Structure formats: structure tokens, C-alpha cells
Amino acid sequence: MSDYTLPKLPYAYDALAPHIDARTMEIHHTKHHQTYTDKLNAALSQCPESVQSMDILEILADLGTVPEGQRGAINFNGGGFDNHRLFWNNMSPAGGGEPGGALADAIDSSFGSFADFKEKFSSTTAVIQGSGWGWLVYNPSSGSVEYKAMPNQTSPRTEGLVPLLGCDVWEHAYYLNYQNRRPAYIAAWWNVVNWDEVDDRLSRAQ
């Protein structure tokens with residue numbers, strides 16, 4: 001089995017400031033994401049080769065293939081590993097604004113307008129109980145984009161959905177700068193959203 005490794009960020013730790021501060025980014029990446037990576041590898045080492053040979057995206061989409069004793073650890077740490085890979089690339093120092101093209105059309109079709117989508121995403125993600133993520137996902141069954149809140153590190157892939165854009169609302173993602181002001185963090189996060197990356201994911205998912 002080949003171990004998963006912590007991916008490098010596509011920008012410096014301070015590149016998203018002032019919206020997300022450098023210290024938060026460094027701790028989030030080198031401590032939290034590293035821990036999910038290490039614990040995913042440890043859990044996979046206890047699995048049969050048939051599971052070890054699968055990509056983590058395949059595993060998350062079919063957790064029933066994982067032995068029951070390791071299923072919870074892989075759901076949590078595998079989700080955490082993949083969610084954060086997406087999260088870092090969801091953001092860019094040149095981000096913000098609004099999407100265009102096919103992504104904008106898909107959002108308008110599902111939510112009415114970008115403003116309505118942004119309000120729904122922000123308000124619903126802000127009140128997730130405990131820790132979790134707010135997601136814009138693509139639903140292959142309906143061929144449309146949807147909002148989905150997920151608890152802890154459970155991936156939308158476990159429900160047959162393709163994650164396009166995720167906002168991490170675990171406290172470690174924002175507490176140093178925003179303390180308990182989760183809505184303020186979410187409002188700032190929109191300023192670094194990498195819409196080109198989200199649009200590319202939608203194109204690949206369709």
C-alpha cells in the first residue's frame with residue numbers, strides 16, 4: 001500500500017490574509033490535516049489489500065467495502081484528508097466575487113440567483129451544530145447542484161454526491177481570528193473562494 005501524504009498548499013500561509021490569518025492556516029494544514037493523513041494511513045494498514053488498493057475517493061463512495069472495525073476511522077480520517085485537499089484548492093488569494101459560465105447557470109437554476117445561494121449557504125452553514133462542513137455539491141442523480149451540510153468530517157461522497165465547494169466550520173478553521181463569530185468567518189471566506197476551481201470540478205463531474 002502507498003501511504004497518503006500531506007499535499008502542499010498552492011499558496012503561502014499568509015496569502016489569504018486578512019480573511020484567513022497565516023497562523024490559522026499553518027496550524028490547520030501542518031497539524032490538523034497532517035493528523036487526518038496519518039490516521040487514514042494507520043486505518044488503511046489494518047484493512048485487506050482489496051481496500052488498500054482502492055483510491056480514497058472510491059472508498060468514501062463505498063464505505064461498505066471497509067471492514068466494520070476500520071469503517072468509522074476511515075470515514076472520519078479519509079473524509080478529513082479529502083475534504084481538506086478540496087478546501088485548500090477552494091481558496092485563492094485572487095478569489096472572491098461571483099462565478100460565471102456553466103457554474104453560475106447551475107447555481108441560478110437550483111437556487112434562483114447567486115445572492116440567494118450565498119444567503120442559504122451562509123445562514124445554514126453558520127448554524128451547523130458542533131463541527132462540520134457546508135457544501136455545494138453536484139448530484140449525479142438529478143444533474144443539478146445542491147447545498148448539503150455534513151457533520152464532522154463525513155464526505156458528501158458517502159451519499160453519492162460530488163463535492164464542489166466546501167466551507168470548514170470546525171473551530172480550528174477560524175477560532176484564532178474570529179473566536180465564536182462563525183458567521184463573520186463565513187462572510188470573510190467568500191472573499192477567497194476560487195470560483196475557477198469550483199467551475200472546473202463541476203465540468204469534471206457532469
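A Cβ is built for glycine as well, from the same backbone N, Cα and C atoms used for every other residue.
As given in TrEMBL:
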type    : residues             : note
DOMAIN  : 3-92                 : domain 'Manganese/iron superoxide dismutase N-terminal'
BINDING : H28, H84, D168, H172 : Mn(2+) binding site
DOMAIN  : 100-201              : domain 'Manganese/iron superoxide dismutase C-terminal'
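Considering only the binding-site residues H28, H172, the Cβ with the fewest other Cβ atoms within 10 Å is that of H172. Same-chain neighbours of the Mn(2+) site beyond H28, H84, D168, H172, judged by a C-beta within 8 angstroms of the site's C-beta center, are, in sequence order, H29, H32, H33, F87, W170, A173. When averaged over the domain 'Manganese/iron superoxide dismutase N-terminal' (3-92), pLDDT in the model lands at 97. Secondary structure of the domain 'Manganese/iron superoxide dismutase C-terminal' (100-201) per DSSP, as helix, strand and coil residue counts: 53 helix, 24 strand, 25 coil.
Per-class residue totals from DSSP over the domain 'Manganese/iron superoxide dismutase N-terminal' (3-92), listed helix then strand then coil: 59 helix, 1 strand, 30 coil.
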